[in-house]
Amino acid sequence: MEKWSLMTITVLLGLIVRWTVSFGSYSGAGKPPMYGDYEAQRHWQEVTYNLPIKQWYFNTSDNNLQYWGLDYPPLTAYHSLLCAYVAKLINPDWIALHTSRGYESQPHKLFMRATVLIADLLVYIPAVILYCCYLKETSTKKKIASALCILLYPGLILIDYGHFHLGFALWGVLFLSYNWDLLGSLAFCLAVNYKQMELYHSLPFFCYLLGKCCQKGLTGKGLVLLIKIAFTVVASFAICWLPFCTEVEQILQVLRRLFPIDRGLFEDKVANIWCSLSVLIKIKNVMSPQTQLKLSFAFTFLTLLPACIKLTLQPSLRRFKFALVSCALSFFLFSFQVHEKSILLVSIPVCLMINEIPLMCTWFLLVSTFSMLPALILDGLLLDYVVTTLAFLTVCATSFSIFEKTSEEDLQLKSLSLSIRAYIPSFKAFPKIIKSLFIVSVTLMGILTSMSATLNPPQKLPDLFPVSVSVVSCLHFLFFLMYFNAIVLWDSRNGRNQKKIN
Amino acid sequence: SSVLKGGHLGIGGGGRTVKDSTCHSTDFEVHRNWLAITHNLPVSQWYYEATSEWTLDYPPFFAWFEYALSHVAKYFDQEMLVIQNLNYSSQATVFFQRLSVIFTDILFVYAAHECCKYVNGKRPGKELLEKPMFVLAVLLLWNFGLLIVDHIHFQYNGFLFGLMLLSVARLFQKRHLEGALLFAVLLHFKHIYIYVAPAYCVYLLRSYCFTANRADGSLKWSSFSFLRITSLGLIVCLVSALSLGPFAVLGQLPQVISRLFPFKRGLCHAYWAPNFWALYNAVDKTLAVVGIKYKFLDPEKIPKASMTGGLVQEFQHTVLPSVTPLATLICTFISILPSVFCLWFKPQGPRGFLQCLILCALSSFMFGWHVHEKAILLAILPLSLLSVESPKRAGIYLILTTTGHFALFPLLFTPPEITTKILLMLLFTVYSFSSLRALFRKEGPLLNWLETIYLIELVPLEIFCEIVFPLTPWNLKFPFIPLLLTSVYCALGITYAWLKLYVSVLTESVTVRQKAE
């Protein structure tokens with residue numbers, strides 16, 4: 001069958017799954033007084049439409065920042081404003097100042113879902129399709145399979161708000177893979193201006209582009225490129241922040257909202273090192289907030305420096321993609337105020353490599369969805385989670401035959417195992433270890449899911465299940481951190497010399 | 001292909017369970033009511049109970065099936081089994097009902113698997129996606145009509161079609177007695193399958209009871225086997241006795257028959273099924289309007305009742321003669337005759353039987369009394385089996401499927417369902433067109449330009465009916481216009497496909513006879 005018809009079918013399947021899931025429950029449905037993320041989105045439309053720009057990020061009588069105040073950069077606000085204009089055309093009650101708090105109705109749900117779907121359709125899905133269509137050295141079957149698996153990734157489907165930032169970041173990677181550096185930087189800047197968590201990806205972008213400039217020679221073409229990129233970045237930031245540039249206080253207030261340093265090391269149960277460590281040591285009680293901040297900074301940068309340095313010295317597209325994963329994962333594990341949904345920032349770069357290391361990527365994507373289980377159960381999405389995860393696993397397992405392809409080369413660990421064999425000559429166990437670990441891990445996740453769904457936790461430990469989910473996921477993420485760093489650091493191949501991977 | 005089957009159950013399961021929160025159709029309440037009736041009342045009351053308006057109007061085997069289900073239902077939610085709880089729909093109830101449909105679909109998956117074995121692929125493709133078996137499996141398991149009707153609305157058609165396809169597969173495998181048994185059982189599950197009973201009767205009589213043919217393919221009267229016809233008769237009688245026996249003993253047969261065949265309902269229900277009578281009604285209405293405008297008719301004499309009103313009621317045509325149930329029966333009988341004669345005089349084995357089955361189903365759809373548009377699935381699913389074998393059938397299949405499925409659109413009209421149905425329809429249409437085109441790449445285009453234009457015009461029609469029309473002022477005065485347009489436009493397509501299939505089957509048998517001579 002022709003490629004375009006298969007791609008159309010893939011896109012339609014992705015859309016159908018998204019649309020049917022979005023008609024399940026949503027976060028905070030029917031839960032006054034604060035409701036959930038859905039209400040937050042609606043509230044932002046209300047605030048941006050009714051109040052002047054100067055007041056969006058400030059605590060005023062009309063704008064109570066405690067009730068879902070804006071804490072994302074300006075592009076999110078502009079997007080909410082656009083949606084608000086459309087909402088006004090359909091039903092002004094949805095965004096009436098003050099009176100529309102907690103507004104819940106079927107047409108409104110339809111409207112919100114439609115905006116999310118359209119946003120995905122315009123930005124995220126084309127990026128995925130173009131990326132898969134232009135994968136080098138892969139058969140058509142693998143391209144379609146990659147697109148299908150990426151579009152069926154449960155994590156993104158189950159989270160009910162727009163993913164513009166991930167879409168823009170994907171466009172950035174796509175442009176960079178064609179050496180259109182300026183467009184790539186522009187796309188990434190837009191992504192950062194949409195959600196500040198995209199800064200997790202900023203170091204790899206920076207190091208890769210810096211490395212490229214260095215390669216071209218810092219005195220000639222490289223310098224020109226560097227200046228052009230710098231100019232693009234500054235210009236895009238300036239345009240996005242233009243309405244706020246009139247007063248320094250405006251900019252500072254926005255920054256304060258974006259980076260709430262006084263909120264503490266972590267909130268709720270996240271699959272993060274700090275949260276998992278707090279099972280053993282109550283870090284919050286032991287150290288002062290300043291020390292916590294410094295400690296998390298230190299650990300984050302320690303873990304991501306090796307990959308970034310290697311990327312700067314020897315930039316290649318492949319290393320860049322792996323570095324995206326490892327840096328984002330370092331940030332997720334060690335950084336400040338990490339939200340559990342930030343794992344998506346790691347998952348999307350992992351999706352990009354699904355045709356190179358299918359087993360590990362599928363494994364990671366399963367774990368990342370599993371780590372969000374407590375939040376999903378709270379939002380009433382358990383059944384959707386089970387169905388989409390099973391579907392995803394089946395599709396990946398059959399399209400990429402992950403259980404057969406577990407040789408060292410397939411796992412990209414050849415260089416590492418060669419080095420290990422220099423010390424331990426009989427070390428050949430990588431494939432078997434990894435396969436058995438995978439099966440154990442999936443079984444464990446299945447058991448924990450069914451336990452969380454059916455059993456009630458004991459009285460003394462009311463948070464038993466969310467905490468165990470977080471700890472298990474955290475251990476997995478540490479393992480993956482080591483794995484991805486190993487690939488980057490031991491990878492001696494250049495972009496040109498890649499063997500044909502099919 | 002095991003992935004496909006898992007995928008079918010999965011998509012069904014996922015789609016369904018997630019749509020629990022959207023509105024339920026009346027079919028849902030119908031089946032809940034039947035669960036309650038069969039659980040609480042003794043058998044003698046089943047066909048008399050009338051607390052709810054949705055009385056039991058399927059044959060006894062289905063009632064026993066609901067009885068068996070009710071024993072599982074009581075572990076989910078006891079309240080659904082109380083007859084007085086009209087429109088009861090708790091989360092557990094909905095979940096159980098949806099789960100039961102998914103579970104019974106396993107039979108459909110098995111039947112599709114059996115049918116795929118008998119597909120005659122002339123050119124086995126190198127890739128999995130181009131193998132006829134794979135294409136057929138997808139066309140059957142992910143059939144848009146079945147997904148919509150079973151899983152978004154709520155019916156048990158999956159496993160009933162599974163029974164039918166399984167009996168067809170058994171006949172292909174020359175296991176005639178099993179095929180006959182399965183069909184007899186099916187008839188007592190849902191009597192709509194009586195539409196295709198003539199095909200079964202004639203085929204079994206001709207190709208099973210007469211064990212041999214003469215050299216030129218015609219009937220050899222001396223080869224009649226009494227043993228075979230007795231065994232067939234025994235099977236049918238046994239099944240009927242099992243099903244209707246208890247009611248015959250209780251003397252309730254007339255009541256059962258009146259429930260099963262409610263002729264009080266009108267020629268068409270509120271939304272006209274796209275058959276011949278839709279065209280007939282449309283012509284009648286046009287003539288009436290024209291007649292009033294040009295003063296041929298007296299406006300006083302025309303009855304006010306609209307044929308497309310909400311309630312099903314009897315009505316009279318204004319210009320053309322009114323249609324009675326007997327008239328539809330005669331029309332159906334006449335339209336089946338050519339295909340049945342074809343099957344009798346020129347049997348081509350199981351494939352000929354399948355063609356006759358499809359033609360019987362289509363003809364009954366065209367001329368039947370109070371046909372529901374879902375009945376088009378009776379013709380579409382068996383036609384899938386033929387579509388992967390020859391390009392001509394593939395072309396007819398594409399027209400019939402696309403129009404038939406489009407005609408199901410009015411069943412889903414709430415805003416969330418509109419997007420779902422459009423996406424699913426696009427998915428199925430894109431797949432069926434591209435896969436069949438890939439299968440028959442060397443045979444040239446499957447559809448000629450007129451047919452292609454007709455199918456493309458469905459898109460503007462849909463946009464007009466769902467988006468443009470509700471925003472115009474005529475929406476209040478003539479709310480039935482979208483339904484009427486859909487019905488008439490699809491009726492044209494279905495009639496065309498029916499005639500084309502008929503002509504191709506008849507001309508094929510003529511060439512077979514000429515070759516034999």
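The first residue you see is number 1, and the count goes up from there.
The backbone N, Cα and C atoms fix where each Cβ goes, and this holds for glycine too.
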| query | To which of the residue ranges B:92-111, B:352-371 does TrEMBL assign the term transmembrane segment? | reply | B:352-371
| query | Residues of the same chain, at least six outside the transmembrane segment (B:478-499), with any C-beta under 8 angstroms of its C-beta? | reply | 270-276, 278-279, 282, 306, 308, 359, 362-363, 365-366, 376, 396, 399-400, 402-404, 406-407, 409-410, 451, 454-455, 457-458, 461, 464-466, 469
| task | Would you mind listing the long-range same-chain contacts of the transmembrane segment (B:352-371), meaning Cβ under 8 Å and 6+ residues beyond its ends? | result | 168, 171, 195-196, 198-200, 202-203, 207, 262-263, 265-269, 273, 275-277, 312, 325, 328-329, 331-332, 335-336, 339-340, 342-343, 346, 378-379, 382-383, 385-386, 494-495, 497-498, 501-502, 505, 509
| query | Same-chain Cβ contacts of the transmembrane segment (B:452-471) under 8 Å, 6 or more residues past its ends? | reply | 398-399, 402-403, 406, 409, 418, 422, 481-482, 485-486, 489, 492-493, 496
| task | Take the transmembrane segment (B:422-440) and find every residue of the same chain, 6 or more past its ends, with a Cβ under 8 Å from one of its Cβ atoms. | result | 123, 125, 129-130, 132, 135, 138-139, 142-144, 147-148, 387-388, 391, 394, 397-398, 401-402, 405-406, 409, 446, 462
| message | Give the nonlocal contacts of the transmembrane segment (B:226-250) in its own chain as ranges (CB under 8 Å, at least six residues past its ends). | response | 43-44, 47, 59-61, 176-177, 180-181, 184-185, 187-188, 204-205, 208-209, 211, 256
| said: Which residues of the chain, 6 or more past the ends of the transmembrane segment (B:156-173), have a CB below 8 A from one of its CBs? | reply: 31, 65, 100-101, 104-112, 114-115, 117-118, 140, 146, 149-150, 179-180, 182-183, 185-186, 189-190, 193, 196, 203, 350, 353-354, 357, 374, 377, 381-382, 385
